[in-house]
Structures are given as structure tokens and as C-alpha cells.
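Trainee: Positions annotated as phosphate binding site by TrEMBL: 29, 60, 80, 81, 82, 112, 210. TrEMBL lists 191, 233 with the feature purine D-ribonucleoside binding site. Taken from TrEMBL, the feature domain 'Nucleoside phosphorylase' applies to 22-269.
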């Protein structure tokens with residue numbers, strides 16, 4: 001994508017907001033209500049922002065919000081774009097590069113994920129410590145040196161200092177956290193029992209259909225990343241009558257959003 005398109009989107013947003021954001025937040029399925037915690041919000045529908053796509057996924061409201069959280073200037077996406085919606089990776093990840101041009105230093109990504117680890121249960125919050133990306137790499141094609149180098153390092157995709165701080169905050173809030181590896185698949189079909197078992201065997205703890213492209217683009221641009229999943233279904237039930245349902249995923253994410261919101265607000269305030 002031409003650099004000018006990122007600039008057009010960023011300049012439009014700058015014309016609508018009053019402060020340079022320090023933190024960007026991407027809210028996944030059913031987690032958009034966290035945006036209600038943002039003080040003095042300016043709400044910009046995606047449809048108004050040049051070169052932004054439209055969010056069609058269940059539980060994604062499609063708004064770009066600016067304000068403060070924990071006293072820190074933030075921007076938040078109420079819903080993201082997915083590869084399974086038919087969008088190319090440059091469109092899926094465009095908001096991250098736009099947020100970079102707005103001035104963010106930290107990106108917080110969240111998602112609803114299926115539990116692969118048998119110790120995980122519906123409603124658990126999982127810090128993403130690493131990922132397995134099975135979506136197309138968003139950096140394929142000519143490198144845009146306005147953002148980063150050709151071959152960015154991914155050995156520390158998720159910021160260890162932010163993870164440690166989140167764990168400290170969770171202890172203070174008496175909040176139980178899981179920690180694990182997130183694997184991203186294309187979707188939109190949910191995984192078969194055999195696929196769940198395969199990903200468990202190779203070391204994944206949770207599975208979803210997003211997030212990793214955004215993280216790759218953020219790290220390419222030198223943005224620190226913190227990621228968190230809400231476990232919304234237990235895919236590790238390989239046998240029996242267990243099924244996956246999109247509405248149940250959104251409901252489970254909504255139920256966990258207050259706990260996640262309290263942790264994220266404090267993390268932002270202290271990061």
C-alpha cells in the first residue's frame with residue numbers, strides 16, 4: 001500500500017482528536033465494551049476514515065475512539081479487520097501503521113480465543129507470551145522503510161516488561177491469569193478436533209483468527225506490544241458433543257471484559 005494512504009488516514013484522525021496518543025488498543029470479538037471506559041471519547045466510525053475497511057465480524061462495532069484511559073492518551077479500535085473477511089493483509093494491518101503515524105509507543109491487542117490447553121476454561125484471561133502465525137505474513141512484498149527494516153526480529157514479539165507488569169497488577173487485583181502461546185489460523189470455520197489436538201501437540205495454548213499480523217506490523221515499526229486473549233470456548237474437548245458457536249464466543253468475551261478492562265487500564269497507567 002502506498003505510504004500516502006496511511007498518511008491520509010492519520011491526518012484525518014488528527015483533525016478530529018485533541019491529543020497525541022501514547023497507547024493504541026485493538027479490541028476483539030465481544031470486547032468492544034472496554035471502549036466505554038475511555039474518558040472524554042471522540043468516536044470516529046471506520047466508514048469516515050480514508051482507506052479504512054468496514055468491520056463485518058460478529059461483536060465488532062467498527063469505531064475508532066480517542067480519549068484517555070488511566071490518565072494516558074489512547075486510541076482504540078472497537079473491532080478489527082480479518083483475513084477471512086476477504087481483506088488483504090495490507091488492509092487488515094493498516095490501522096496499526098496509522099496508529100504509528102499518530103504517535104503510539106505501545107500497542108495492546110486483545111482477542112477471543114479457543115482454549116487448546118486443557119487447564120484453560122471459558123472466561124480465563126491469557127497473556128500472550130508468544131505466537132505461531134499461520135496467516136500470510138503482512139510484510140510480504142516491497143518493504144516500506146518509512147516503518148521498519150526488511151527483516152524485523154521477532155524473538156521478543158511480546159514485551160517482557162509489560163508482561164511482568166501485568167502479572168504484578170493481576171496479583172494486586174487478585175485476578176487469576178493464564179499465560180501461553182496463541183496460534184492464528186485463517187478461519188472462518190472453527191477447528192476440527194484433530195486440528196485442536198495437532199496444535200496442542202506443537203505447543204499452542206489458544207487459537208484464533210486474528211492478532212498476529214497486527215503484532216508483526218507493530219514490531220516492524222518498533223512498537224512495544226502486549227497481548228491478551230479471553231478464552232471463550234474449550235476446544236480441548238476433543239470428543240463428545242462439544243461444538244463451537246459464534247454467539248457463545250461473543251457472550252463469553254462480554255462476560256470477561258470488565259476484568260480485562262480493569263487490568264488494561266492499570267497497565268496503561270503504569271507502563
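From the backbone N, Cα and C atoms, a Cβ is placed for every residue, glycine too.
Automatic, uncurated: that is what TrEMBL annotation is.
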Trainee: To the nearest whole angstrom, what is the C-alpha distance linking residue 81 (phosphate binding site) and residue 233 (purine D-ribonucleoside binding site)?
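Mentor: That separation, Cα to Cα, works out to 21 Å.
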Trainee: Within the domain 'Nucleoside phosphorylase' (22-269) only, compute the mean pLDDT.
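Mentor: Mean model confidence (pLDDT) across the domain 'Nucleoside phosphorylase' (22-269) is 91.
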Trainee: Cβ neighbours within 10 Å, counted over all protein chains: which one of the binding-site residues 210, 233 has the most?
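Mentor: Sorting the candidates by Cβ neighbours within 10 Å, the top entry is 210.
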Trainee: Would you mind reading off the Cα separation of residue 112 (phosphate binding site) from residue 233 (purine D-ribonucleoside binding site), to the nearest angstrom?
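Mentor: Pair distance, Cα basis, whole Å: 9 Å.
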Trainee: Where residue 210 (phosphate binding site) and residue 191 (purine D-ribonucleoside binding site) are concerned, what is their Cα separation in Å, rounded?
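Mentor: Pair distance, Cα basis, whole Å: 14 Å.
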Trainee: To the nearest whole angstrom, what is the C-alpha distance linking residue 191 (purine D-ribonucleoside binding site) and residue 80 (phosphate binding site)?
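Mentor: So the Cα of residue 80 (phosphate binding site) lies 21 Å away from that of residue 191 (purine D-ribonucleoside binding site).
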Trainee: What's the CA to CA span in angstrom from residue 233 (purine D-ribonucleoside binding site) over to residue 82 (phosphate binding site)?
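Mentor: If we compare the Cα positions of residue 233 (purine D-ribonucleoside binding site) and residue 82 (phosphate binding site), the gap is 20 Å.
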